[in-house]
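In what follows, a single structure is set out as structure tokens and then discussed.
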């Protein structure tokens, strides 16, 4: 592992990309400490803040929400917009469906619409969030709660979201990995120290008997190790479907019989968990404008994964999004057509429609295992806070762990591929 990291920095091109990414993340972190104009960040000092979805937003944003900084909205509006856009492509909006079939050209059009939609959503959510937090903090957040103040805050927070999207694009183009994922990854890691401090204060400070606290620590460490091992296994595990080439039957002894079609146990990665949590923001956005209404409070309680009903909805959403995104990532029909064009086939399965049905069947089974695993990982920390008296920040621990591991794995693969490509070019003399 250490040798792998050394190789990353030996390659000039990869090294420059790493340093560029780190520079962009420093800018991101600095922005989380710059408060929005007209707010009093100290209002949060003596309050625990909201829980559930809000805690996750704060974690994804690197603590920007609790500071009510210019990046307080983070990139969640973009994620929510992406969910809506992908759903609209399913023959709901014909034009979007048409673009989705146009390859790179159509994808660029959809990305542009998604960005515009994200900006509109960020503006609406930022106004609602300012109302909600100012009401929650009994008017202590907004220094001058006039319409112009709310408008200014909304413009600044929306601009912050737009800047983060631009920052993510720069990382994707000139840095390492997927920019949006890297920003979320960095945000989660940056809030880890404060979560540990909160746990220490709740478990040890002012306690005469720390036996239970040490048992909690032991349980957390064991749970963390097991969850990490399980996450790595499921995110990396693949089902190898053997394939053969019709024109190479005589060359099996040369290794053609070892050819296979890899299908991940969890083809969707950690996206379903992020999507499920972002989905909770849609009804909560409306309730932000009516913080004192009983019906709004009921919706807010339901749209919270820490509540009993919210937990059930959370599980259903994770499973549903896992299936949805798995078939976005893996297209059995296209895969079957490609095998047929290459003159290859799955032993015992007829090419064409039968192969498509077989791949679909295997993908359904694999996705079921992957979706259950994601749901369990996301729910276990929530249950732990309910029954083990752990800090509320632990609730998002499972989700955060999955994202950190998933992004780390994909980033490592990307770096290794770039290093190998550079070495190959050097060997071939270009």
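For all residues, glycine too, the Cβ spot is worked out from N, Cα and C.
Looking up the ranges 270-290, 333-353 in Swiss-Prot, the one annotated as transmembrane segment turns out to be 270-290. In this chain, the transmembrane segment (270-290) touches the transmembrane segment (117-137); three or more CB pairs sit within less than 8 A of each other, excluding pairs fewer than 6 residues apart.
Remote same-chain partners of the transmembrane segment (368-388), defined as residues 6 or more beyond its termini with a Cβ less than 8 Å from a stretch Cβ, comprise 216, 219, 223, 227, 230-231, 234, 264-268, 270, 272-273, 276, 305-306, 311, 314-315, 318-319, 322-323, 326, 394-399, 401-402. Within its own chain, the transmembrane segment (215-235) has Cβ neighbours under 8 Å at 199, 203, 264-266, 269-270, 369-370, 373, 377, 380, 384, 388, 390, 394, 398, 401-402, 405-406, 409, counting only residues six or more beyond its boundaries. Outside the transmembrane segment (270-290), and at least 6 residues removed from its termini, the chain residues within Cβ reach (under 8 Å) are 52-53, 56, 76, 79-80, 82-83, 121, 124-125, 127-129, 131-132, 184, 235, 296-297, 299-300, 302-305, 310, 314, 317-319, 321-322, 324-325, 371, 374, 377-378, 399, 402-403, 405-407. Outside the transmembrane segment (18-38) by six or more residues, the chain places 8-9, 61-64, 67-72, 142-144, 149, 152-153, 156-157, 160, 163-164, 167, 170-171, 174-177, 179, 182-183, 186-187, 190, 415 with a CB less than 8 A from a CB of the stretch.
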